[in-house]
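Trainee: Pasting in a structure now, in structure tokens, and then I'll have a few things to ask.
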Number of protein chains: 2
Amino acid sequence: MSAQILSGKELSAEIRTQLKQRVAELKQEKGITPGLAVIQVGDDGGSTIYVNNKEKACAEVGIYSEVNRLPEETTQEELLALVEQYNKNPKIHGLLVQLPLPSHIDETEILKAINPKKDVDGFHVQNAGSLFTGLPGLIACTPKGIIKLIKKSGIDLTGKNAVVIGRSNIVGKPVAILLLNENATITICHSKTKNLPDVCAQADVLVAAIGRPEFVTKEFVKPGAVVIDVGTSRVDGKLKGDVKFDEVSEIAGYITPVPGGVGPMTITMLMENTVDAGEMYG
Amino acid sequence: MSAQILSGKELSAEIRTQLKQRVAELKQEKGITPGLAVIQVGDDGGSTIYVNNKEKACAEVGIYSEVNRLPEETTQEELLALVEQYNKNPKIHGLLVQLPLPSHIDETEILKAINPKKDVDGFHVQNAGSLFTGLPGLIACTPKGIIKLIKKSGIDLTGKNAVVIGRSNIVGKPVAILLLNENATITICHSKTKNLPDVCAQADVLVAAIGRPEFVTKEFVKPGAVVIDVGTSRVDGKLKGDVKFDEVSEIAGYITPVPGGVGPMTITMLMENTVDAGEMYG
């Protein structure tokens, strides 16, 4: 293998050390301890793991955290009332409702109800609009973490071809806008794209956010490219990315592993957003 | 010349006929006449022409309109107070503040103050965020008009390569998202893009929104492509687009003229947004 590994685990550890410092300063200088509230409805196994990891990460950097585990049958009104409480709670600077929600609850309504200044997931329409139009705001964690990983490679994105596979609101579209902000030429591909391998093979930076294990083979990759793997599918009990790591790592210049790449960055960016919110609006 | 002309003038006339009908029905069925308020600060010559054209277009389709021409020295507070009045005025369904504003007024603050439900320019961060994330909302007029022109060509955008030159909040970025919503593969280029003619020459649909007269030559264009020219620069008293019409029209499949292409569509979409707002929120 020739590619250098872009380790999200390592970069996360560095950033968390800085965050610990910022949390300590914020406490000392303004008497503010940044606080994160997480609401989980129902007991989806994946969600429970994510929520636990978020709680641990808070403890690690010194963020105060509250986790609410509500029963599956919680009504939309009850959930909205809890969101409203946290919107007003001065101890809480970041609030997130773990998705997916049970089908009887309207996700869009819940996301809209979160105070945009506490919306550390960056999913509120106002934060999405701010990102899209270049205004300040809280930026979604996965795209934000991806940009930090790419920058870690040291490449200058100006004028580079960046290709994103996937057009979700959580990853594909926002990461494309962030790459555009870095002066890359951006292309968004998806299930309807023709000649997908050829389009991707022109990319200096390739972001795979499709959710299909090992979909991106070496035919998709320009020699020396930066390859970011956002996928996490469980196959026969093993975590697989969207990129066929063994063969792609032979020709890419930089590549993120799965696990240990984008995943840890997402949680660390959630911590960073909470500290940002504490500093800006605390 | 081989390209077919995509006439915004003709398509506008068709749409205005439909709008006249919708305005009449809205009046008859709900007693609502859609109303548009336009605020102009200062006497920029270009703005005055645009504002006059908007007023005429309202009269043509039966929209009630009010135009406020405020002196250059109007303060931000005075302007905000007027915006607030119109936000509450039930006769007004669409409100726009003509840009650019004098430099002593903060445009972002003014745009933020407009009720998103009356924001017929689609510039409010909430409408930008809704467009970006696929929620319903008022869509910026020029991108909306461009999509209608492209559809007029009859081509199915699914899987097509659409390349946008320009990354403004008013045209480049939103038109790219609208093309993505139509299942095109989208690329956004700009001043930092390398090998721009080659990237553009792969486009089945090429949107030029740069503001540099006759910048797009035949080297940029794939034979048979749909070429949309958003530029309007005045050169020696003549209106010029971003596309070198004479040579590009020899090889394109469809092309918009300047004038008479995107321009008339923009004003017509403003009328459509006002009627939409009247129907939805009236």
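Here the Cβ of each residue, glycine as well, is placed from N, Cα and C on the backbone.
Relevant sequence annotations retrieved from TrEMBL are reproduced here:
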type: BINDING; residues: B:Gly166, B:Arg167, B:Ser168, B:Thr232; note: NADP(+) binding site
type: DOMAIN; residues: B:6-121; note: domain 'Tetrahydrofolate dehydrogenase/cyclohydrolase catalytic'
type: DOMAIN; residues: B:140-278; note: domain 'Tetrahydrofolate dehydrogenase/cyclohydrolase NAD(P)-binding'
Trainee: So which of the binding-site residues B:Gly166, B:Arg167, B:Ser168, B:Thr232 end up next to chain A, with Cβ to Cβ under 8 Å?
Mentor: B:Arg167
Trainee: Compute all pairwise C-alpha distances among B:Gly166, B:Arg167, B:Ser168, B:Thr232, the residues listed as binding NADP(+), and give the largest one in whole angstrom.
Mentor: 16
Trainee: Across the whole of the domain 'Tetrahydrofolate dehydrogenase/cyclohydrolase catalytic' (B:6-121), what does the mean pLDDT come to? Round it, please.
Mentor: 97
Trainee: Once the chains shown are all counted, how many other Cβ atoms turn up within 10 Å of the Cβ of B:Ser168 (NADP(+) binding site)?
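Mentor: Total other Cβ atoms inside 10 Å, all chains included: 17.
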Trainee: Applying a 10 Å Cβ distance cut-off over all chains shown, what neighbour count does B:Thr232 (NADP(+) binding site) have?
Mentor: 17
Trainee: Validating a neighbour-count step here. Other CB atoms within 10 A of the CB of B:Gly166 (NADP(+) binding site): how many?
Mentor: 23
Trainee: For the domain 'Tetrahydrofolate dehydrogenase/cyclohydrolase NAD(P)-binding' (B:140-278), DSSP counts of helix, strand and coil?
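Mentor: Taking the domain 'Tetrahydrofolate dehydrogenase/cyclohydrolase NAD(P)-binding' (B:140-278) as a whole: 54 helix, 28 strand, 57 coil.
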Trainee: Could you count the residues of the domain 'Tetrahydrofolate dehydrogenase/cyclohydrolase catalytic' (B:6-121) that DSSP puts in helix, in strand and in coil?
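Mentor: Residue counts in helix, strand and coil order: 63 helix, 18 strand, 35 coil.
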Trainee: Just counting, how many other CB atoms are there within 10 A of the CB of B:Arg167 (NADP(+) binding site)?
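Mentor: Taking all protein chains shown, B:Arg167 (NADP(+) binding site) has 24 Cβ neighbours within 10 Å.
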